[in-house]
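S.K.: These came from TrEMBL, pasted as-is:
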COMPBIAS  524-536  compositional bias 'Basic and acidic residues'
COMPBIAS  538-561  compositional bias 'Acidic residues'
REGION    522-561  region 'Disordered'
REPEAT    485-518  repeat 'TPR'
Amino acid sequence: MDVPKDYMTTLLDHGLFASAQMLGSFLVSSSSVNLDTSPHLKAENLVLLGDALLREKEYKRAVHAYKQALHCHRIIPKQNASAVRSSLSASTRSSSPNSFNISTVNENEVKFKIASLYCVLNENRAALVEMEGIPSKARNMQMNLLMGKLYRNSRHTRAAITCYKECLRHCPCIIEAIIALAEMGVAAKDIISLFPQTPTRGARSTFDHFDSSRWLQRYVEAQCCIASNDYKGGLEFFAELLRRFPNNIHILLEMAKVEAIIGKTEEAITDFEKVRSIDPYVITYMDEYAMLLKLKSDNSKLHRLVHDLLNIDPNRPEVFVALSVLWERRDERGALSYIEKSIRIDERHIPGYIMKGNIYLSMNRPEAAVVAFRGAQQLRPDLRSYQGLVRSYLAISNIKEALYAAREAMKAMPQSAKALKLVGDVHASSTSGREKAKKFYESALRLEPGYLGAALALAELHVIEGRNGDAVTLLERYLKDWADDSLHVKLAQVFAATNMLQDALSHYHAALRINPQNEAANKGLDRLEKQLKGVDPDAPEEDEENDVEDADADQEETELL
């Protein structure tokens, strides 16, 4: 009594995977289908069972079934040739391939399925072994894309580039391949040259094809700009694309991510909120949004965001990074455990390493922070990983390494005011380097006059060297254009240092109106109110002064990020 295989395929086709899995156990255990007499049928049945297990997310069982299928499939050529000939001579009763012991199993497709499952199980080396068993000429686009990812993960860059290029030769719209090639340093013109030229019948159709493909060329140029740290150029190309494709979620997310990296906090938040208004179920880059909300101390939105993400898909790495952001202030160790989970899910998830470095810095573990930021850099260097490294090295007084990291940032981003400021920060950490720091801060402001971070750093330098008037003049220029709590805090600190207590009080209140959670403003205001009452704020609570100073340093670090 046999189980009809057609029932199994019907169940799979209709998505009834649990029933298919149970029926599959009957198929593979049938006494009439055994390895000695019908290895081809046995292999086919095992593949169907593997498909059912795959859909039921029983990944290890699926791998086992597929491997058994391959074992059965490889036995077929070893069968007695005369037996096959006799079966062919007696084939008048059936013309089915199964009558001739010919298997319909595609060995390469089964290997691809096994490799895909190994990827899900984070067993990339085993996945690569399976994929390398597929001849290059037999690989389709899916296979080449997976090969590219696996080679890239194992740092075989040249082999990865070859696979991704092969994808684009067949289809220029494989966005994953475009992004990967850009991040691995392939020039935009080289990527565009891979696009197949569509044959056309006339001049009009030639023009239409050129016009329709131009947006894709702009997209390639945008990704190559971002990959080479030309953030301004990348944003300009993305903005051009957004005019042609309004409310494009992918473009809005790419722009928001870049804006977050370069410190355009308000613009990034606006773009993230627009994405959520269009599609509230998007998870991609939402951990970046969570970091920005924390930076703005918008705890209600942060709580709502994390709640929404957990309800959408609690197994994505972005969700665990967002949880880490939410928990950092209350429980740093708990926040760190969430970050570790995010990296276990996706070891190439860069925001996880950035957040991990920041948590280690807040825990006063700069050596561990260095390792985390280096991890981010190995995946893809960007401004934040350079900033994290400089902060970490300065925290352990390793000026040489801090300067090296800052100069590397400047080389990678020669037109970046933020990279110039990083070099200035390193020089400002020593008394002998303050004059150099001043020049770098001024150069950053010439390059980007609206860069508040450089203005705050230069003002701090003025205060250290006793030029309080210059600090006030510099900072007041930014009041018209910046509703920023850190700007008001810095002005309040300068006024308090020059005994202009009412002006200091006004700016502390202004800072707290913008951000009631600003720790430096709250502590500074408390200290100032004691002074106004005639109480010496330093006498009873000496430690509190140190806390205020630490909070001020934290505020500057926050501005860098």
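The backbone N, Cα and C atoms fix where each Cβ goes, glycine too.
Predicted, not measured: the structure shown is a model, and the values here were computed from it.
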S.K.: For the repeat 'TPR' (485-518), how many residues does DSSP put in helix, in strand and in coil?
M.R.: 27 helix, 0 strand, 7 coil
S.K.: How about long-range neighbours of the repeat 'TPR' (485-518): same chain, 6 or more residues beyond its ends, C-beta under 8 Å?
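M.R.: Counting only partners 6 or more residues beyond its ends, the repeat 'TPR' (485-518) has Cβ contacts under 8 Å with 296-297, 299, 452, 456, 459-460, 463, 468, 471-472, 475-476, 478-479, 524-525, 527-528, 531-532, 552, 555-556, 558-559.
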S.K.: Quick check on the compositional bias 'Basic and acidic residues' (524-536): DSSP residue counts for helix, strand, coil, in that order please.
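M.R.: Across the compositional bias 'Basic and acidic residues' (524-536), DSSP assigns the residues as follows: 9 helix, 0 strand, 4 coil.
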